[in-house]
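For G38, S39, S40, G41, A42, G43, K44, S45, the entry in Swiss-Prot reads ATP binding site, with the evidence type sequence analysis. The annotation domain 'ABC transporter' is assigned in Swiss-Prot to 2-241.
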Amino acid sequence: MIEIKNVNKVFYQGSKEILALKDINLHIAKGTIFGVIGSSGAGKSTLIRCVNMLEAPSSGSIIVDGVDLTTLSKKQLVETRRNIGMIFQHFNLLSSRTVFDNVALPLELAGKDKSQITTKVTELLKLVGLADKHESYPSNLSGGQKQRVAIARALASDPSVLLCDEATSALDPATTQSILELLKEINRKLNITILLITHEMEVVKSICHEVAIIGGGELVEKGTVGDIFAHPKTELAHEFIRSTLDLSIPEDYQARLQPNRVEGSYPLVRMEFTGATVDAPLMSQISRKYNIDVSILSSDLDYAGGVKFGMMVAELFGNEQDDSAAIEYLREHNVKVEVLGYVL
């Protein structure tokens, strides 16, 4: 279990004070895969580095398995960190050591005997799918294989918590998915708590049980993945959800798009559907109710946390009054509608 209580972090550039984290409060239950998402500079990397005290909070508490890390001596902190594994975007493997020896390093530093090390490393390499790579060197591995070695090394001391700092950002989509599947398997088999940070909502959608959204060093929104996708409360949450869907406006429409309605133009709208609104026949309802035609240019549908969500870009053909009434009807039925402009 991880508790982050009233955490603030201040950095200084000369005399300038930069508040990187502002009063962050999170509770991460044991065995959960918890995602923290934010854009570059949002403070998410600073937050995850505070969890194992690579960065000490300026104020607040970091409690892992009942122990407040901010109260520990350096010696106590070194011992406690063995219970917290961490992997990074860059794999940080030692190029002069084999795969086996890279994974063995934490065990050697902990003073384990040779037979214990051999048993543990063999078990971990099998877990991460590298049972045949004991004697390989990092230079002979793919990016995904290097990250698997890093994961095995992070698990060597049997931690209860695994921190993942943009662990898939340097990988291609197929390799990213395989690493996420491995993390899910590790979570399931070992009941290890995983805290990961990312700037990709696709990662959150694929693996996380709960998610927190951070912007400008502040906690913007948090909840189960299903709740966030079904009922996003902030514009930042909407932006991240939109990023998971492939929705584009044809170039010829973009060229004809006007900022204001003029004679002969019609509104182009983007609609976001979540939860029950996905299955509701709202397009046919507004077509009948307000005597308008709906031309769908693009749409996409996906699932996250057991919840369906979707987006649509469409042109509405009616008079100005009926178009406005139809848009208001959609909003009353919990559809987020944005008028992108008017097509001439």
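A Cβ is built for glycine as well, from the same backbone N, Cα and C atoms used for every other residue.
Since we're looking at a predicted model, the values are computed, not measured.
The structure, with features from Swiss-Prot marked on it.
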residue	record	Cβ contacts under 8 Å, 6 or more apart
G38	ATP binding site	K44, I197, H199, I213, I214, G215
S39	ATP binding site	H199, G215
S40	ATP binding site	H199
G41	ATP binding site	none
A42	ATP binding site	I214, G215, G216, G217
G43	ATP binding site	K9, A20, L21, I214, G216, G217, E218
S45	ATP binding site	D165, E166, I197
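Within 10 Å of the C-beta of K44 (ATP binding site) we count 26 further C-beta atoms, all protein chains included. DSSP assigns A42 (ATP binding site) to coil in the three-state reduction, outside any helix or strand.
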